[in-house]
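**Student:** Shown below is the structure under consideration.
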Amino acid sequence: MAIVSAEKFVAAARENGYAIGGFNTNNLEWTQAILRAAQAKQAPVLIQTSMGAGKYMGGYKTAKYIIENLVESMNITVPVAIHLDHGHYEDAKEVIEVGYTSLMFDGSHLPIAENLEKTKEIVELAHAKGISVEAEVGTIGGEEDGIIGSGELAPIEDAVEMVKTGIDFLAAGIGNIHGPYPANWTGLDLDHLKKLTEAVPGFPIVLHGGSGIPDDQIREAIKMGVAKVNVNTESQQAFAAATRQFARDYDANEADYEAKKLFDPRKFLKPGIDAVQAAVEERIDVFGSANKA
């Protein structure tokens with residue numbers, strides 16, 4: 001099946017009580033780790049680039065080619081969507097032209113009327129090319145690629161109007177934040193999620209800031225209607241921890257490591273990338289999407 005739009009497998013997740021992982025990538029090796037994890041777990045997956053990561057990887061076209069070519073060269077058979085995470089209006093239009101198969105237009109910083117209007121425009125452009133669309137109401141807290149959200153509960157009436165624009169899945173604030181969760185975080189507002197899912201019955205909800213939320217809360221949110229969970233910080237933390245440990249070991253055994261040519265980036269990046277794969281596999285298990293390809 002390989003590269004596809006995301007609406008069908010996200011809708012299937014909503015209908016059958018599990019969630020698909022939306023995993024952010026940062027480079028070629030990171031993409032390899034996500035793909036290996038998805039293939040090993042036989043799980044559908046969205047590989048996501050933020051606006052910043054897309055630019056870091058040489059632009060959206062380059063990022064798309066990296067993902068496409070790795071899917072082919074690695075003989076990946078599970079469904080993979082190439083997704084823009086938190087895209088502004090112009091970025092959303094750009095990835096439509098480039099050939100991403102899924103996108104998020106984030107107009108949550110705009111007045112709701114303008115957010116709805118621009119979302120409708122993006123939906124029309126994207127759906128004409130078979131591209132799935134995610135949109136957001138109620139800003140997600142924390143920081144994502146320089147975009148800072150104060151965090152709020154998504155107004156139910158705004159969520160209802162947003163679904164009417166024709167989007168395929170909806171991101172909504174329910175007490176979740178981007179980045180590490182502070183010690184005083186009180187958890188997801190599952191009561192608000194219940195009201196939200198009752199207002200848009202059967203519609204797939206997206207949980208952003210999936211890193212650091214207790215597994216029991218994630219599982220409960222999935223039971224209530226969350227069908228896509230975004231993960232980025234957790235993968236970054238796993239990569240950083242493994243890479244730091246490798247550097248410490250290198251310093252302690254420099255002569256041996258030099259003799260083994262572990263200064264080769266293909267070797268010194270491996271522990272971190274292996275850690276990303278392990279983190280992604282573990283999240284897939286929690287989301288219940290293993291063996292759903």
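Any Cβ shown, glycine's included, is placed from N, Cα and C.
Source: prediction; values computed, not measured.
Residues or ranges marked as active site, proton donor by TrEMBL: D85. As annotated by TrEMBL, Zn(2+) 1 binding site applies to H86, H178, H208. Residues or ranges marked as Zn(2+) 2 binding site by TrEMBL: D106, E136. According to TrEMBL, the feature dihydroxyacetone phosphate binding site maps to G179, G209, G210, S211, N230, V231, N232, T233.
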**Student:** If you run the three-state DSSP split on T233 (dihydroxyacetone phosphate binding site), which class comes out?
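**Tutor:** In three-state terms, T233 (dihydroxyacetone phosphate binding site) counts as helix.
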**Student:** Can you tell me how far the Cα of E136 (Zn(2+) 2 binding site) sits from the Cα of S211 (dihydroxyacetone phosphate binding site), in Å?
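**Tutor:** Rounded to the nearest whole number, the Cα-Cα distance is 19 Å.
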**Student:** Specify the secondary structure state of E136 (Zn(2+) 2 binding site) as given by DSSP, simplified to three classes.
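**Tutor:** It is in a strand.
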**Student:** Provide the number of Cβ atoms within 10 Å of the Cβ of S211 (dihydroxyacetone phosphate binding site), excluding the reference atom itself.
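**Tutor:** Around the Cβ of S211 (dihydroxyacetone phosphate binding site), 22 other Cβ atoms lie within 10 Å.
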**Student:** How far is it from H208 (Zn(2+) 1 binding site) to D106 (Zn(2+) 2 binding site), counting Cα to Cα, in Å?
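**Tutor:** Pair distance, Cα basis, whole Å: 12 Å.
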**Student:** Among N230, N232, T233, all listed as binding-site residues, which has the most CB atoms within 10 Å of its CB?
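**Tutor:** Per the Cβ count, the most surrounded site is N230.
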**Student:** About how far apart, in whole Å, are the alpha carbons (Cα) of D85 (active site, proton donor) and D106 (Zn(2+) 2 binding site)?
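**Tutor:** About 8 Å separates the two Cα atoms.
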**Student:** Which ones are near H86 (Zn(2+) 1 binding site): of the binding-site residues D106, S211, N232, T233, which have a Cα within 10 Å?
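**Tutor:** Of D106, S211, N232, T233, within range: D106.
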**Student:** May I ask for the distance between V231 (dihydroxyacetone phosphate binding site) and D106 (Zn(2+) 2 binding site), taken between their Cα atoms and rounded to an integer number of Å?
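**Tutor:** The Cα atom of V231 (dihydroxyacetone phosphate binding site) is 17 Å away from the Cα atom of D106 (Zn(2+) 2 binding site).
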